[in-house]
Amino acid sequence: MNPSQILENLKKELSENEYENYLSNLKFNEKQSKADLLVFNAPNELMAKFIQTKYGKKIAHFYEVQSGNKAIINIQAQSAKQSNKSTKIDIAHIKAQSTILNPSFTFDSFVVGDSNKYAYGACKAITHKDKLGKLYNPIFVYGPTGLGKTHLLQAVGNASLEMGKKVIYATSENFINDFTSNLKNGSLDKFHEKYRNCDVLLIDDVQFLGKTDKIQEEFFFIFNEIKNNDGQIIMTSDNPPNMLKGITERLKSRFAHGIIADITPPQLDTKIAIIRKKCEFNDINLSNDIINYIATSLGDNIREIEGIIISLNAYATILGQEITLELAKSVMKDHIKEKKENITIDDILSLVCKEFNIKPSDVKSNKKTQNIVTARRIVIYLARALTALTMPQLANYFEMKDHTAISHNVKKITEMIENDGSLKAKIEELKNKILVKSQS
């Protein structure tokens, strides 16, 4: 059997949208294939990895059933040379697709924690059979940048595609440019047909629609038509509907007429889980020490964290060395300095003392009272996470003998956090207060 025929037969097993978005551009590589190895080329590395994970076993099974032979399936990114040979028709086909989703943004790859479980639950619930457009509609997810709003939005899109639904994903900028382009070309009917006839409309950063009244008017009518036809609408923003500047009251009212879910900065355990998930996806092996260092040294922007992980791997690969804690510190030093220069240990000490109703002089003393020791350890822990101070510098600040005393306190408070959920929550609360204050 011609292996290319496998994809055609597989097409019958999938929804039209799922096949078009993920497998239609997969090409059989006859030159690299052997009797027991079938190689397929995907448009890029990200798509290759996704198809290998999601469809590799299914393609192998399909091939064995229909040919009677077993084969290993290898999905790889096509080379630049092969890419240049792609026809203009293929490029036009890709551009014509109404949905451009990151295939790795799925519910399975989304790490759930206290900071995002409500938003996750609402989005996941509507992807169950017959729930789209009926259970929660619209869904409005808001929160600071880099916390997973786009991931969640596109997870709904990918799940909807697998259900055979027509999905439109667009940022506000995409929507505005699309409208402006069609207006200039006298093809607004095409614009209306695209957006009004979808099953699922996903709009990222909806706050930027507030640039002109005409854009908002168009979106208002599109919103109403999709909603009236039981289509699902999900939007993301940096603020809740009532705080959106430049957005008309009638749009704010419609945005709020459904589920409003916020995503807040993740707690430490969630950040660690996210880092592990990112490492797993990118096939990067980091020790627990490095993972904990990244989690406690960087802010809460997930894209930023993933960028550091990829940079670490690139450094190690190029230099031909192992990823060590020392390498991590070297790669991250400028980044951490930039983030931490506005936060001082005095700021941390002041806030912790206020929270525990303790004098700063007591925390800096040698007193061994339990509440003072705990407060001291929290200050040290937060100083390690939020400032660029080294252990010797912290030892000097607390007038301790040397940095080993600081290391001991860090170890003790880390153990306490792992065994005491309320303490962990309190420290996360203090950390967020310090970060907010430093940005004001």
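Glycine is no exception: its Cβ is also placed from the backbone N, Cα and C atoms.
As given in Swiss-Prot:
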type	residues	note
REGION	1-74	region 'Domain I, interacts with DnaA modulators'
REGION	74-99	region 'Domain II'
REGION	100-316	region 'Domain III, AAA+ region'
BINDING	Gly146, Gly148, Lys149, Thr150	ATP binding site
REGION	317-440	region 'Domain IV, binds dsDNA'
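Surrounding the centroid of the Cβ atoms of Gly146, Gly148, Lys149, Thr150, where the record places ATP, the chain contributes additional residues within 8 Å, namely Gly143, Thr145, Leu147, His151, Leu152, Thr236, Ile263, Ile302, Arg303. Annotation for Thr150 (ATP binding site): same-chain Cβ neighbours under 8 Å, separated by at least 6 residues, are Phe105, Asp204, Thr236. The candidate set comprises the binding-site residues Gly146, Gly148. Of these, Gly148 has the most other Cβ atoms within 10 Å.
Over all protein chains present, the Cβ of Lys149 (ATP binding site) has 25 other Cβ atoms lying within 10 Å. Residue counts for the region 'Domain I, interacts with DnaA modulators' (1-74) under DSSP (helix as H, G, I; strand as E, B; rest coil) come to 39 helix, 12 strand, 23 coil. Within the region 'Domain IV, binds dsDNA' (317-440), the DSSP-based counts of helix, strand and coil residues read 95 helix, 0 strand, 29 coil. Look at Lys149 (ATP binding site): DSSP puts it in a helix.
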